[in-house]
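> So Swiss-Prot says this about it:
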ACT_SITE  Glu200  active site, proton donor
BINDING   His12, His14, His197, Asp278  Zn(2+) binding site
BINDING   His14, Asp16, Gly170, Asp279  substrate binding site
SITE      His221  site 'Important for catalytic activity'
Amino acid sequence: MINTSIPLVDLHRHLDGNVRVNTIWELGHQHGIALPADSLETLAPFVQIQGKETSLVAFLKKLDWMVAVLADLDAVKRVAYENVADAALSGLDYAELRFSPYYMAMNHKLPIEGVVEAVIDGVKAGLKDYQVKINLIGIMSRSFGQAACTQELEGLLAHKQHLVAMDLAGDELGFPGELFNEHFKRVRDAGLAITAHAGEAAGSQSMWQAIQELGATRIGHGVNAIHDPKLMEYLAKHRIGIESCPTSNLHTSTVSSYAEHPFRTFMDAGVLISLNTDDPGVSAIDIKHEYRIAKSELGLSDAELAQVQRNGVEMAFLSESERKALYAAKA
């Protein structure tokens, strides 16, 4: 199912959506933060999807617990370190970990740039102990408005040498991409690549805007592109990568069932598309789960899954020499 001669990558993976249950428990107790349960076992349903839950509101509540326990910069560093460990232990050869420093900082009023530094330090420490290649993507969380995104951008750009790209995430309907055109001009001027959450809650116009105005060369989720034949043609022609997260899309009610997921439609249209976990801590999944789902629920053959693996490497924010090195390590 997973082809061991091809690098296994996860390109759409939120660091702040992957906090271990026991880490939430330990940090909560360490910092005197009231948790919604009185044991580790009973905490899990409050912070992870259980069974067939499919509600965006429930999903976001669980996600909020992951940052509620980030009471100091050591906690941030720990979570970043554990993200590297989790990526390696799940069998990944390469992962791009994205994070929103504003979202991580806000509960306990941590310094935004300090959060960025703590994430970088935690990842560096993790890379000393685990065999996996990691790059970082900064997120601007549009839900908090333009001014907050400016603060976030400045904290991230102060350490741009440790980032490969910038992302726009959050409330796509309430805060459309055009509000952030100036922010992304600064990102382009800084020489960083751009990906954007688009076409998830909003329609295809949001994706056109992200590509044509923000400068995105990859799109997170993008499920609504399938209703716009011109966009599908454009995506295929220009190799705009779709970072697909099927289980997360089900958990957030972006799609009502795996049968409704447009992954196959993208593949049949020749669009570059990869499989990713999104918020693996909340969804309680790993990358291998997504490949199993792609085979059993989305109907992909082993040959198609191998192509999806290759797509991920092609889409990655890597130099050609880094791409070749990933393949060489699998030979």
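Every residue number used here counts from 1 along the chain in the order it is shown.
From the backbone N, Cα and C atoms, a Cβ is placed for every residue, glycine too.
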> To test your reading of the Zn(2+) site: which residues beyond His12, His14, His197, Asp278, same chain only, put their Cβ within 8 Å of the Cβ centroid of those residues?
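Checked against the 8 Å cutoff, the neighbours are Arg13, Gly17, Arg98, Asp167, Ala169, Gly220, His221, Glu243, Cys245, Ser248, Asn276, Asp279.
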> Rounded to a whole number, how many Å is the Cα of His197 (Zn(2+) binding site) away from the Cα of Gly170 (substrate binding site)?
8
> Asp16, Glu200, Asp278, Asp279: which of these recorded positions has the sparsest Cβ neighbourhood within 10 Å?
Glu200
> Nearest by CA distance to His221 (site 'Important for catalytic activity'): which of the binding-site residues is it, out of His12, His14, Asp279?
His12
> Excluding His14, Asp16, Gly170, Asp279, please set out which residues of the same chain place their CB within 8 Å of the center of the CB atoms of the substrate site, keeping sequence order.
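Along the chain, the qualifying residues are Leu15, Gly17, Leu63, Arg98, Phe99, Ser100, Tyr103, Ile139, Ala169, Asp278.
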> If you measure from the Cα of the residue listed as 'active site, proton donor', which of the binding-site residues His12, His14, Asp16, Gly170, Asp279 is the nearest?
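Spatially nearest to the residue listed as 'active site, proton donor' by Cα position is Gly170.
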> Where the record says His14, Asp16, Gly170, Asp279 bind substrate, what is the longest distance in Å from one Cα to another among those residues?
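Max Cα-Cα spread across the substrate binders: 13 Å.
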> Measuring Cα to Cα, how far is Gly170 (substrate binding site) from His14 (Zn(2+) binding site) in Å?
12
